[in-house]
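Q: The structure's right below; bear with me while I get my questions together.
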Amino acid sequence: MNPLAQLIIYTTVITGTLITMLSSHWFLAWAGLEMNMLAFIPTLIKKTNARSTEAATKYFLAQSTASMILMMAIISNNLLSGHWTTTTNYTNQFPPLAMTIALTMKLGMAPFHFWVPEVTQGTPLTSGLLLLTWQKLAPISIMYQIHPSINTHILLILSTLSIAVGSWGGLNQTQLRKILGYSSITHTGWMMMTLTYNPTITTLYLITYITLTTTMFLTLNLNSSTTTLTLSNTWNKSTHLMPLMTSTLLSLGGLPPLTGFLPKWVTIQELTMNNNFIIPTIMITMTLLNLYFYMRLIYTISLTLLPTSNNTKMTWQFENTKPTLFIPALITISTLLLPISPLILSIP
């Protein structure tokens with residue numbers, strides 16, 4: 001891709017997200033979402049092939065459908081209340097319900113999740129990273145603004161369904177991008193679980209999730225790993241990354257005493273304080289499934305070499321020219337922040 005075109009595209013993606021996050025007017029928020037969506041599509045088809053074109057088409061159809069529902073909700077709210085502000089008190093339950101459906105569709109939450117694994121699988125690792133991290137910021141910022149009017153029961157149902165679908169869907173997958181796509185569905189469910197109770201916990205979970213996912217994608221990009229077969233050659237390509245990738249995967253699964261355990265612990269604590277006991281039990285059970293397929297990846301990295309017909313053509317250690325500047329810092333943050341969790345939680 002032309003560097004100038006790439007600069008314009010990424011600038012528009014960032015600008016669209018910032019317009020949505022900083023806007024209190026519904027039309028500007030919607031326009032920011034559209035700018036972000038239309039500018040992001042070219043990043044999905046950097047490599048022109050049938051799979052990337054299919055992924056971009058699925059992304060466009062899902063996002064445009066959600067945008068239409070959101071615009072319908074915005075117009076309905078204006079007709080009913082006469083206001084265009086995002087923080088208005090909603091007198092009718094229909095606009096916030098339609099907004100919730102539209103924004104959860106944009107986030108890829110169940111039952112509107114079908115596009116997430118397919119789009120993630122059909123894109124390069126860098127585009128998949130942006131899809132599962134940066135592209136969540138704008139919809140979540142809108143949900144943050146309207147959270148007092150969101151129906152708590154509906155959001156809890158959608159979040160629980162997302163956790164279950166993401167955990168079950170990740171089983172028996174061999175494509176790493178699909179596994180991370182299903183993992184994203186699960187983590188989005190965890191994020192949204194406490195939005196109506198305590199949005200600060202949602203923010204904490206979002207920051208932790210973005211850090212862990214960025215670390216994982218950058219590590220996979222460094223090794224050029226997209227399947228469990230290529231992942232099994234990690235010990236040959238980057239021996240020093242084996243324990244670091246292992247700890248990142250365990251943190252992504254929420255295993256103590258790693259960083260990923262902190263937001264899960266706080267989320268469960270918040271739900272139990274609000275007398276929700278069945279939902280945290282389901283969440284913990286589903287997290288065990290998540291941890292299972294992360295452990296399967298760890299087993300692949302550290303202990304085995306998958307059956308292949310060309311074992312003699314191994315990829316040996318060559319000098320890696322890809323930038324590794326941020327990976328050590330990100331891995332440190334991804335694994336070692338739990339001891340300072342009281343300090344993190346004390347920040348208002």
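Cβ atoms are placed via backbone N, Cα and C, with glycine included.
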Q: Suppose you had to name the range Swiss-Prot annotates as transmembrane segment; which of 178-198, 241-261 would you pick?
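A: Here Swiss-Prot associates transmembrane segment with the stretch 241-261.
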Q: May I ask which of the stretches 96-116, 200-220, 278-298, 325-345 has the most CB pairs under 8 A with the transmembrane segment (150-170)?
A: 96-116
Q: Looking at 96-116, 124-144, 278-298, 325-345, which one has the highest count of Cβ pairs under 8 angstroms to the transmembrane segment (13-33)?
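A: Looking at each of 96-116, 124-144, 278-298, 325-345 in turn, the most contacts to the transmembrane segment (13-33) are made by 124-144.
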Q: What residues elsewhere in the chain lie close to the transmembrane segment (325-345), defined as a C-beta under 8 angstroms and at least 6 residues from its ends?
A: 204, 211-212, 214-215, 218-219, 222, 244, 247-248, 251-252, 256-262, 266
Q: Looking at 124-144, 200-220, 241-261, which one has the highest count of Cβ pairs under 8 angstroms to the transmembrane segment (96-116)?
A: 124-144
